[in-house]
Amino acid sequence: MSKAAPLGGSYITKTTVITAILTVIMGALLLYRLVFGLGAVTNLSNGYGFGLWIAYDVFISTAFACGGYSMAILVYIFNRGEYHPLVRPALIASAFGYSLGGMSIMFDVGRYWNAWHLFLPGWANPTSIMFEVACCIAAYCMVLWVEFAPAIAERFAPPKVVAILKKTAFIPIAIGCLLPTMHQSSLGSLLIPAGYLVHPLWQSNLLPVMALSSAICMGYSIVIFEGSLVTEAYNRPSEAHMLGKISRLISGLLIFYLVVRWGNLAYAGKLGLVLTSGKYSFFFILENLLFVLPVILLATQKNRVNPQLLFIAAVSMLLAGALYRLDLVLIAYGREGWHYFPSVGEILITVGFVALEILGYIVCVKLFPVLSSHHPAHGKGSHTVLRAPSAAATTNE
């Protein structure tokens with residue numbers, strides 16, 4: 001098994017300064033929202049109770065953060081230990097993604113001071129899909145940080161503490177494989193009761209299956225996306241040999257998703273709506289083209305070990321999954337007479353959450369043993385020593 005090590009280097013770089021500034025702007029706007037209410041910052045209305053914050057920070061961001069979940073299934077459930085070097089980078093990205101997504105919900109509810117009622121039996125509604133999603137995400141946030149505890153302990157704690165954490169790691173890992181399966185499928189279920197408010201091209205009783213399968217795809221895609229960026233930013237050897245193998249899973253899951261999606265449309269007699277629904281047809285076709293592109297790009301072994309094509313395929317999959325969720329929650333959802341477009345404040349706060357996640361990721365990989373110092377080469381079990389990050393990469397990132 002490869003050993004991880006802190007990346008080191010300066011914490012003050014162009015990227016960290018920019019993300020810190022965006023985070024400060026977000027903090028100021030959130031304070032303004034807490035004092036003056038939702039209406040002072042957002043364009044939410046009685047017709048659109050869900051806005052950009054729910055669409056991105058919950059539906060999209062948590063799917064982006066499924067890298068840790070997807071890799072845990074691959075490495076620990078299917079016992080593919082050769083991919084272990086990719087687990088910690090995926091895990092810390094998931095921890096930040098889910099934590100910030102969960103935090104954003106607190107700012108999106110009108111009476112945020114009553115949010116704690118959710119966890120009290122006398123106030124909670126255990127038959128609600130929202131209750132399951134909220135509790136599940138809250139629990140998973142804690143589980144992710146417990147899973148990451150060995151990395152923190154390796155940096156600061158005695159070896160005995162590290163050994164104990166590693167011996168008991170199977171418990172949070174098992175729980176961590178269960179919880180996302182529940183709430184990612186439930187995020188799909190959340191739109192089923194909306195009925196006719198969601199356009200027929202998206203409304204389906206199979207939404208839980210499509211939401212979960214696309215989230216797992218997005219999890220593997222974000223691993224490729226982040227791995228490619230880290231390789232480029234810190235002048236590390238390419239991990240295309242490992243990422244290429246993972247990309248085969250993306251292709252298989254995407255084919256499954258597309259068969260379910262189009263098969264359901266055909267069974268429900270909705271295929272005629274694909275070309276006759278105006279703007280909805282445009283977004284539906286664009287979304288599906290983005291889903292199909294990775295399948296085409298990753299069809300051959302030669303393409304699967306090409307870093308550029310891997311990156312393009314991953315970006316296409318992430319955009320497809322994001323657009324699918326944006327369509328479900330905002331574009332294909334609505335009541336007659338109501339319109340919604342996010343305010344500048346909503347956009348800046350969402351950008352700020354993304355910036356905070358990037359900032360946190362960079363700090364963590366430099367401070368804690370997240371990135372592997374050795375990782376398998378083309379042969380299973382063989383190892384290649386990583387080059388030290390160049391001064392330019394350390395300075396510019």
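For all residues, glycine too, the Cβ spot is worked out from N, Cα and C.
Per TrEMBL, these features apply:
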type	residues	note
TRANSMEM	12-32	transmembrane segment
TRANSMEM	52-78	transmembrane segment
TRANSMEM	90-109	transmembrane segment
TRANSMEM	129-148	transmembrane segment
TRANSMEM	169-194	transmembrane segment
TRANSMEM	206-225	transmembrane segment
TRANSMEM	246-268	transmembrane segment
TRANSMEM	280-299	transmembrane segment
TRANSMEM	311-335	transmembrane segment
TRANSMEM	347-368	transmembrane segment
Report, as numbers and ranges, which residues of the same chain sit near the transmembrane segment (347-368): CB under 8 Å and 6 or more residues beyond its ends.
6-9, 11, 13, 15-16, 18-20, 22-23, 25-27, 29-30, 33, 41, 52-53, 56-57, 61, 89, 92-93, 96-97, 100, 104, 107, 151-152, 154-155, 226, 230, 397
Would the transmembrane segment (52-78) and the transmembrane segment (280-299) count as touching if the test is at least 3 Cβ pairs under 8 Å, pairs 6 or more apart?
no
Using a Cβ-Cβ cut-off of under 8 Å, list the residues of the same chain that are 6+ residues beyond the ends of the transmembrane segment (169-194) and lie near it.
58-59, 62-63, 66, 68-69, 72-73, 76-77, 129-130, 132-133, 136-137, 139-140, 143-144, 146-147, 150, 202-205, 207-212, 215-216, 328-329, 333
By Cβ distance under 8 Å, which residues at least 6 away from the ends of the transmembrane segment (280-299) in the same chain are close to it?
199, 201-202, 221, 247-248, 250-251, 254-255, 257-258, 261, 273-274, 309-310, 312-314, 316-317, 319-320, 323-324, 327, 331-332
